[in-house]
Structures are given as C-alpha cells and as structure tokens.
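Noted in TrEMBL for the protein shown:
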- 30-117: domain 'Ig-like' (DOMAIN)
- 128-218: domain 'Ig-like' (DOMAIN)
- 250-340: domain 'Ig-like' (DOMAIN)
- 343-430: domain 'Ig-like' (DOMAIN)
- 436-516: domain 'Ig-like' (DOMAIN)
- 520-607: domain 'Ig-like' (DOMAIN)
- 697-720: region 'Disordered' (REGION)
- 698-709: compositional bias 'Polar residues' (COMPBIAS)
- 1029-1050: transmembrane segment (TRANSMEM)
- 1059-1079: compositional bias 'Basic and acidic residues' (COMPBIAS)
- 1059-1163: region 'Disordered' (REGION)
- 1146-1163: compositional bias 'Polar residues' (COMPBIAS)
Amino acid sequence: RNKKKGKVPKTIGRDACLHAGFCASVPQPPTITHQSPKDYIIDPRENIIIHCEAKGKPHPSFSWTRNGTHFDVEKDSKVIMKPNSGTLVIDISGEKAEAYEGVYQCIARNEHGSALSNNIVIRQSRSPLWSKERIEPITVQRGMSLVLQCRPPAGLPPPIIFWMDNNFQRLPQNSRVSQALNGDLYFSNVLMDDNRNDYICYARFPHTQTIQQKQPITVNVLDTMNDTVLAAFLNGSDFWGDSPSGERAPTFMQPPGMHSTSMVLKGDTLQLECIADGLPTPDISWSKVNGDLPSGRFSFHSFQKTLKITEVTDADGGDYRCLARNRLGSNHHIITVVVRAAPFWISAPQNLILAPKESGMLTCRADGNPKPTVTWSVNGIPIENSHKDPSRKIENGNIILSDVQTGSSAVYQCNASNEYGYLLGNAFVSVLAEPPRVLTPPNHVYSVITNSRALLDCASFGSPLPKITCVVDGDLYIIHKNNTLEINVARPVHSGKYTCIASNSLGNKENHVYLEVKEPTRILRQPEYKVVQRNGMAEFECKVKHDPTLFPSMIWLKDNMELPDDSRFEVGSDSLTIHDVREDDEGNYTCIRNTTLDQDSASAMLTVVEQPDPPRDLELTDQREHSVRLTWTPGDENNSPIQLFLIQYEDSLHEPGVWVNMTEVSGTSTTAHLELSPYVYYSFRVLALNDVGLSEPSAPSRQYRTNPAQPEVNPSDVEVIGTSPDSITITWRELTGLESNGPGLQYKVSWRQKDVDQQWTSLPLANVSQYVVTGTPTFTPYEVTVQAVNEYGPGPSPEVVLGYSGEDLPTVAPENVKVYVQNWTLAEVSWDAVPLSTVQGRLNGYKVSYWKLRSLHKQDPEPKKPQELIFQGNETEGLLFGLHPYSQYNLNIRAFNGKGDGPTSSNQIFETPEGVPGPPADLKVENLNLDSLIVKWAPPVEHNGHLTGYLLKYQPINTTDKLGPLKELLLAANETSITLDNLKHSTRYKFYLNAKTVKGAGPTVTEEGVTIMDEAMTSKQVDIATQGWFIGLMCAIALLILVLLIVCFIKRNKGGKYPVKEKEDAHQDPEIQPMKEDDGTFGEYSDTEDHKPLKGSRTPSNGTVKKDDSDDSLVDYGEGGDGQFNEDGSFIGQYSGKKEKDTAEGNESSEAPSPVNAMNSFV
C-alpha cells in the first residue's frame, strides 16, 4: 500500500475533550450545566426547587446569594441543598411562600475559578378574588354600541378571560359581538336578542388552576324611547346611548381615535386589535402602510378584529392600518408598531484552553434595542475590582490573553444588559500542559455502504493543541478541520486499516481504525400495483439483494402506518399476502428492507374493486302519452368506473314479476328518455355495470301506466307451408302483451289464389299462431296476410306473403337414357328432362342409381349394393366415377321433388373395359441353400382383365444398405413361383413383382430374402459336434491359444516383441491405450473394446461380457472377421492389428455356445 501523509494545521477545540467527558483526569474550571429560569413563578402549595447544576475538575462547591447578599443555607432549617449539587429545596409547609421571594444567584467554584448562574427571580403565583361590587343593570337602546367591562383582579401570571352564562355555556361571539384582548366584551351594535341577565366574566389562573367569577351583568335592550327609559333614569339605572339610534357609519371603540402606538420585543408575538361600532356591523380589514404583511407569519383572529404576527423582526416595525367599513361609509385607525429587543447573543464567550506561554482571546458580542451595555467579571468579581493580571487586557470589549502562565485559570463572566433584560455568559480559561490523546476508540471498525460517504474520526485532545497526521491511500480523500477523514464515494477497494497520529511538544499518540465497505441493500423485485376484487387475495413481493454480512429486516407499512393487527395479513420472508381483501385494505403499501447501515423501500397501491352499488332515487319526469324520462343517482362505483347503466322494466299487467332489459346508457349518464308502448303498467329499475360486474338492481320506480291504443305492429314470421296436396298451413309469431297495445287482441287471417280474379277470404282468430286452409289445388300459389286487431282498432296494413299448396309425387320417368363409357373407371350418362307439368311441385333434381352386376373375368360371390348420385335442378347429364374395370353395370334414373321420388326409368346395362391388374398376393421369399432362393406368390385379387404374365425384378443389398445391379424376369400368367440359383451366399436380396394385362403392369409388391443355411443344414452340423475327433480338435485349439497368450504375456513383460505386437505397432489400433512410459507396463484396452462379445458367443442379459471371460478374441485379429477353418479343421486365418465389427454383432443369438456356433463365427 502506497502511503500518503495528509497534514492539517488545526485540530478540534481542546475543550471538546472536557465537554465529551472523555478526559476525566484533566483539570477543568466550573461550568454551569443546568439552572432555573430567570423568572420563576412558584406555586405556593408546593415546595420551592431552585436548580443549579455544574461540572468541573475537581467537582465544584456551591453557594447562593439572595437579593445581592450571601444566603446562608445552613442557618435556615427549611432550606436543603442537594448533595454534590447546588440545587435548593425550600420546604414552605407551615410557612408563607412570600418569605422566600427575591432574586437568587448560584456560584459554583473550585480551585480553578467560579461560575455564576443567572439572577433567578422567585415570585409566588397569585389568584386573588374579585372585589365585591354591586353591578347595576345596563339599559341600552337597540342599535347602539355597548362595552361590558370585565376588569379581573391582577394575578401572577395574568388570568385567561372568557364569558359564559348561568349554564356555563360560552356566550356566542361573532363579527358583531367579540371579546377584546383585555377581556372586555364589545358589541358593535345591540339587538333585542342581547337582552339577558347572565353576562358573566370568568378569570382562570393557570398556575393554581383556579377560576374566579365576576357578578352577573344584566343588559336591558329598549326598542324606543318611552316611559320605561324615563323610569330607568329615575331609578338610577345606567342608560347606554344618547338618543334613539338608526344606521350609522363606523367609528372605533378600541383603540379610540385615529392613531395609537404599540411596542413589541423582537422575537415575541405582536397582537394588534381594532373594534368598531356601527350599524350595520362593520367589516374589518388590515394592511401595512408602505409594505406588505409578513408572509407566513401573520394570521387574523376574533373575526378579523385581531392581527397576530409571530416571531417579530425589526422589519415588522412601522404603521399598520385597520379599516372599518359598512354601507354607510368607512373609517381607519393607524397603529404605529415600535420593535425593541432584549439583549441577544451575536457571539457568546467560549471556553478557552491554552498551554503555558500561549495566547488567546475571549469575545463577547451582543446586540439589542437599545444597544446593551457589556461588562466583564472574573470569578464573579467585576474585572476592574479583581487582582491585576499582566497577561490580561481589555480591547474593544474583548479580553486578550498573552503569554499565560500555569495557575492563571479562571472563569470569566460577560453581562450584556438593557432596559428589557440581560444576558450572562460564563467562559473559562484553563491553562493546561497535556500530552496528546486520541479520543476515538482504538481499532474502531467503521462500516459503510458502497458509493456512500465514509467519515473516519480522529478526535484528539492535548495542550498545546496537537497536530494531526493522517496516513491514507490515494488522493480521493478530504481531511476536515476537525480531523475527520472523508471518503466521498466509498468503494470496496477502500476497505482496510487507517492510522492517525496526534503530536505536540509533550509527545505523540497513534490510533488505528478500520473501514469495511459493504454491498448496498437493493430491492430487486418491487411490489406492483394491484387491483383486487373484494374478498379476493392480494400479494406483494419484495425480494432483496444485500451484503452477505448484513441481515436485512422487513417492515411493511400501510399508508405510512403499521399494518393492522389482523390475521388476514400474512407477512412472508419476501412477500405480503392479504387474504379476504376488504374495502378498508385499500391504500399504499410500502416494503422497507433495513440493515444496520442502510435501507431500501418500495411502494405499491392496492385498489379494491367490486360491483358498483345500486343506483338510487329513481324519478319519472317529462311524462307523456308514449314516453317518460327516468333519472337516478349513481351508487358508489367502488374504484372501477361505471361503464353503462342497464334499464329494465316490469309489465305488471301482462307479465308480473318478469324484468325485461329495455335499454342501456353510458356510465356517465344519469337520465334516459324511454319510449313506451300503450296499455302497459310499467315499473323501472336500473343496474350499473363496471369491469367487475353488474350491481344489484335499484329499488323499483313508482308504477307508470300507459293508455290503450290500436296495435302498432302485425304478427311477424308469417309463413305459408304446403303440408299436403290439397291444403296450406299459415303460421305466424303472436304479439306479446307489450305489443298488443290494448285488450281484445285478435288476428285477421286472409288468403286468396294468386293470379286469379278472386276475393280475399278472411277469418278472425285469437290466441292461436296457425291456421290450415283445405281444399286447395295441388302446388298452387296463394297470397296470405295476417293483421293484428284489438278493441281500439286494426293494426297497420299487413304485408302479403306468397306460398304454395302442397306437392305430390312426379308422374313421369325420364326418357332417352344413354351411357357413354370413357375408360375402365369412368362413364358419362345423359337423359331427357321430364315435363314440368308432371312434376306436381318444385323439381329438386334427378337421382341416378347404378350397381355392378358381375365381373367379366369371374363370377362375383354376391351382387354389389346400388350407388346413387343426385343431380340438382334441371341437369340432364353427369359422370359416374370409381367404376370397376372389366365389369357389367346396371343403371336407372328418376325425378324427385319435395314430396318424394317419381317413377324409375328403364334399366340401362353397360360394361367397362379391361384395366391394369391389382397387386400380386402373398409374396414370399424362402431360403433353399447357400446360393438359391425360392420366390412364391398368388395371383391378384382383382384381375381387372385377362392376365398376360408377371414382371419380377431383384437386386442384392450390401452391408451398407446400398443396392446392387437390378435383374428382370418375365414370367407366364399361370406361374406362381420361381427358383433363383447361383446367387451370392450370405447376401440379402430385394424383390419387386408386378402382374400385367394388355393395359399394362399393376402395382408393385416388394419383399426381401437372404441366402443363408437353412435349419436342415444346421442340424447336420450339430451332429458333427457329437464326433470325438471334433471335440479333440477344439481342445487342441483352445490349448494352443492359451499357450500363445502366456508367451505373449511373458515376452511383453520382458520388453520383447512378437508378431502380434509388430502388427499392433504397424496398425496403431486407436482403441488400445499406449503403454505407460514411466514403468514399462502394458497399456490397457478401453472399456468399450473389453466389453464386446465374441462373435457367436452368448451375451449376458445386461449387455456386457463377464469379467471372467477372455479379453482377447481370435476373430478380432482376423482379416475383416473372415478367418475360417480348412477341411482338416486347422485355423487358416492370421492375426491382424486391424479389427472390424460384424454388422450383425448386436443381434447375435442368445443360445448357449457350442463348437458349431464357434465355427460359424469364423465363416
């Protein structure tokens, strides 16, 4: 670590050590730490406690003065001074508190000086009784002004005034009647309602919590000057007002005149009031002359009659205008505000710690209005009367100390006073010689979050003042004057050890601290805005990433308050779940993840939605014959905007209890114009729809009845259906009760034959929806109408509906039927259309029926079922698809209409020509011997003509599934097998076979076969295995292989070579690992090679070779696996380093191994 020394010329004040209490052994002059207020009003019922606490080293002793002379505490048994304290406790039981009133001052002293408290003025609180007086009734003429004086007894502190009646109810106040700041009750003008006998002024004294009551005041209000007024004069009653009063312009009652002055101290609260009389009651307004009222600090009270300004400054001085105005005129009063100030500190004297021979200065700067007088004392003695000190002098009100000496410590008092108060400040001068001390605890660990500011303290003390040297890395550091080291943006690289050194002439002190920079706490998955239906579930996530050494806690707030104490709120490790959500759960939810160093928070809103509340207050207005206006008041939309209102009606006349949807209006509407039908008893209700669903219905409106009228619509869906050749059926949809428009609803059904000069036949019907007209000609057009009629008249003219009477079956079969054969599967048929007059209805088309009679090649086992083609409308020709080749067919045709089919035409027989045959059946390939195969098949099921022969093709398939050369053979039609000789042994062949007619070859069938030994040959070879000579031969071979393996093993251990080794070196089999060079041992075969089964051997069920089996296979060393035995049984193959896998290796027989199988494996 590269070190950098940062020096600062100045450390923190040396008195910091004393104030912090770290340097308990350092001498210190006294310092007052707690004292009673300057003006101390006591409760005469309680003991008097006058506080005075101080600190110093050694601990100071205490004494008191009272009214400027020494107060001997020990001589007064009622006075006790607390131990190690200057606080006085005065027991006034049995004594009068007045005896202890006076001005007290506490002196705390030790060997290094004396400190003084403020002058504490002790006064007893007083709540004197109201002087007894007889209050005469006050008579006043209506409209005149009036003042009821309170004049409470002087108390300490002053009482709080309020006016009440005999029932202890506050008297009402307003712009006409109000209480002034001095407690008097002012009436701008008197009304007859002011006539009462219980105007009572109360004074509450806050210290003693007592309330004093003035005698009730009676006010008699007269309406006119009469004998009662004269009687009042004769009886000695006060009469308020000079003459009968009418309306008048405002004049000021308080303060009187046009101008007044008010003085206020800086920092206090200013209250200005203006109360005016006048009739009507004047309005009061305020403004500042040549300025504005102070923004944010003024307010109006007592119905604009009082202007209140808080925290008064010098700028608040000046003239203020209050304006009283009524309709008869206005008047104003100017109040000049003078701001004075008790003394206040500009720079209070500060404690000073100096080393011997050092210099310093005590300052005492105060201000006020008028300018305060500043005086100095030393240890409580005026400085001019104290002993002379050559190192001390006074210049411009400051005390300058130079070349101080040990033992010259003292406490200096600065007093700044004017007529409004005083300030007393103590400051000690302590002359010390102390070596440096570092006040920051050693090895302290500071932990901060990455990218935040790190502050490392190096608080020190010493006299002379120590110089601080900080040992830090890099340049991104700031060292403050108080020796705090600041890293503005802390990074993990800043973690480590930091050293600061404090030194002065008496020595030096070193301190080490450590900084740990942690990863910040961050919420990765913040809660998201949720809209949840009432009674649903809301879940907020709050997943956090944090430093692994910090353990964040999780706090959930709702609207910045703690979560309700409710079991429905489930707080998980990273989530908040609210079950069964209610309306009052709606709000802002905040997740706070706290660690000891930082926190992160995220918020999301929860909105609870549900169906709207039902509309209410349904009203019917603008009532007309066939319309009405419906208005309503929407219910609460419950946080989901209303999209529309659904208006329903009930017809209690026709369908009582059934509510029918009538219309919809937008969600912003609260009214709808409704078109009504006659003869309906309407009741309406409204439902609101939002995203959640429909509200409950509103309460029904009052019933609204419409008058009957003739029908406005006729029955709909009128149809004329011919159900039989001699009738028609007329059907319609009946009118609803709402559509009937009146009583006595009937249907006038009318009909006549079309295009015939014939009158309408009509029939009135009721409560039916169909009528059958009989005796009509077959399939004849008719015109029909259905009209609604009630007791008030017929409906509109009905529309004419056209229909036909019923159909009958066609009477004539199609003629001139012809068939044209196109090929062996397709034929064309044509016919002449039947006359329309014979159809007896609408001609729907023709049905062509055809079926196969027989095959021309052979007799079919059973005839085929007829097939039917339908040709729509007037078509007279068509195609027949999917015919069988070389077959005989029969065909006929008939016309059909809506009633059914007509007579069938005469049958037409036709034949299809020969076609290509179907595929040969049952193709098989059988093994005959090593180089021969027999191919067998059966003739095609479908000859489709006369067979002319077969085409056989075949080709070999090699081990890579590639096809060899193709050979073809033409065979006679009567052949069903063939033997193929001179084929390659152990070879797979693919065969292709087609049948042929004169039209060509049919579809091809394929099959595969292999030239291998059959079971007979295998049986013969198995018999060889029973011969003794073969068993001896196999044992000799096994013994030879074992000897060869032993020799190979011995030679390889000796490093020698043998033929197999040479071939292995030549071919470099990649499946054999190389020999280790360091110990000369054999490389091992890979697991893949080791687990390959021998050809022809039995493989275990798990697919691996047992470990006991031989790891070597002679076949693996054969050339391509083709090694064989010669006729005498000797092995004629040779070893080879190249190994080839048999393509059928994975499909070997699972039979037990035998000598024959072993031999077969070499073939």
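Cβ atoms are placed via backbone N, Cα and C, with glycine included.
Listed as Cβ neighbours of the region 'Disordered' (697-720) (distance under 8 Å, sequence separation of 6 or more from its ends, same chain) are residues 614-616, 618-620, 623, 625-626, 628, 630, 632, 648, 650, 652, 659, 676-687, 728-735, 739-743, 745, 747, 769, 782, 784-796, 798-799, 801-804. Secondary structure of the compositional bias 'Polar residues' (698-709), assigned with DSSP and counted as helix (H, G, I), strand (E, B) and coil, comes to 0 helix, 2 strand, 10 coil. Note on the domain 'Ig-like' (343-430): mean pLDDT across this stretch is 91. With Cβ pairs under 8 Å as the measure, the domain 'Ig-like' (30-117) is packed most heavily against 343-430, out of 128-218, 250-340, 343-430, 436-516, 520-607. Contact check: the domain 'Ig-like' (250-340) against the domain 'Ig-like' (128-218) gives at least three Cβ pairs closer than 8 Å, residues 6 or more apart, which meets the contact criterion.
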